[in-house]
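What TrEMBL says about this one:
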type     : residues : note
DOMAIN   : 267-409  : domain 'DUF7224'
TRANSMEM : 12-28    : transmembrane segment
TRANSMEM : 40-64    : transmembrane segment
TRANSMEM : 84-112   : transmembrane segment
TRANSMEM : 124-142  : transmembrane segment
TRANSMEM : 149-168  : transmembrane segment
TRANSMEM : 196-214  : transmembrane segment
TRANSMEM : 221-242  : transmembrane segment
Amino acid sequence: MRWSTVVRSSSATWMAPLLGVFILTLLSKDLTSWPTFGYWTGVTGTATFALAFVAPACAASGAWEGSRLRRGRVSMLVPARAPLATSGVMLIPVFALGTIGMGLALALAAFAASPGSGLPHPGIVGEWLLIIAAHSVAGFALGRAVPIVVAVPVSLLVSFVVLAYPSAMEPLWMRHLVGSGLRSCCTVAEVPDGRAIGAGCVVALAILVAALVLGSRAHRVVAAVAAGVLVLTGIGVGSWLAKPLDVRASTARPTNDLKCSGEQPQICLWPELSGQSEDIRRTVRSVRDRLMGVGLDIPGTITTAERAQNGELSLGLEVGSTPEQMTMAFTGALLPDGPPACANSQQQPGAAAYGPVSAWLDMTAGLKVTDRDGRYSPEDVAVARKVRDSPKSAQLAWYKHNRQALSDCTTEPVVSAAHKVDAGATR
């Protein structure tokens, strides 16, 4: 069969415009609202959102093509030709449909995020293609086995359920078996975790091989048993890879990508932040000087890596951050990441200090803090202002006391505006 005939007669050719319109009209908001600005890896992760819609379209198209072979009794009329040779030709347009669909989704996310030079993350793209191939071949195998009125809707529905529902199910790591965990990957300080990509690839490969076995000339019972074993093995291996990840599909980005410059402080930035380097350095130095002016001990190295090492201070900056956001990232880095371990089994009185201490840090760093923006309560702002009116030694003592209260479950915080703030009262 000539290629022009294959393309012209394929259901994928007719489905491509419908899928394109669907992505442009119904998925564009999700694809353009939250990609990581300026970072190709984050853009690629965001585009994964479309996979739960593109792969089912490929599965349905594959089922249609399989039903065409079934209705035409091709395996009986051309017994000398291997089933894989026939199905391979008919599935090429289906694979192209999936590739074009994900390419369009990637283009929309990239348009919103302006990632600049670089390429999409190859691991994520590879998982897309493997999942598309697996669902296409599985749909094709179903189309060869049952009538078209059953094969097409069942392929479409089952493919969508398999790809979309694990994200809403527990345990949370199940989403990595179908690649949907990558939707939230990655910030500029993150890269995809190899186990997340590996889990999805293993399951997709198992489905692909199982579908090929079902479409072979092997005995039906033997083929069904072998396919079942393959799928269960793939799910088992994928689960072993994904279980340690919980909900997160990303890990810290290697720090050898950082570019550091300056002294006291030395500031280390990701390449994607280079366009804002002067603004970042100016803001960081200003905030550091203000905080050190009241006695805070600030590390000499400021990094944008996810995990600080060797006494560094880690700032969670993204491309396009404003000076206000840079300042809030700096002050937020001086607070604990979360409650201490003891809070899991007992009350933590120091939790009440988070608002006042955070407000005081923002004020000290030069931000205009009010209770109107919803970040702080009126009481938090009142306490922070009272502390700011105190001598520097009293402010430092108050901060150290409440910082300790945030880190344990025994220290009582000083969080009342009526409390007298002095250097000795908080010791």
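These residue numbers are counts, starting from 1, taken along the chain as shown.
A Cβ is built for glycine as well, from the same backbone N, Cα and C atoms used for every other residue.
Remember, TrEMBL labels are computer predictions, not curated facts.
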Model confidence over the domain 'DUF7224' (267-409), averaged pLDDT: 91
Helix-strand-coil residue split for the domain 'DUF7224' (267-409), DSSP-based: 79 helix, 8 strand, 56 coil
Segment-segment contact (the transmembrane segment (149-168); the transmembrane segment (196-214)) at 3 or more Cβ pairs under 8 Å: no
Beyond the flanks of the transmembrane segment (221-242) by at least 6 residues, Cβ under 8 Å: 173-174, 176-177, 181, 195-196, 198-200, 202-203, 205-207, 209-211, 213-214
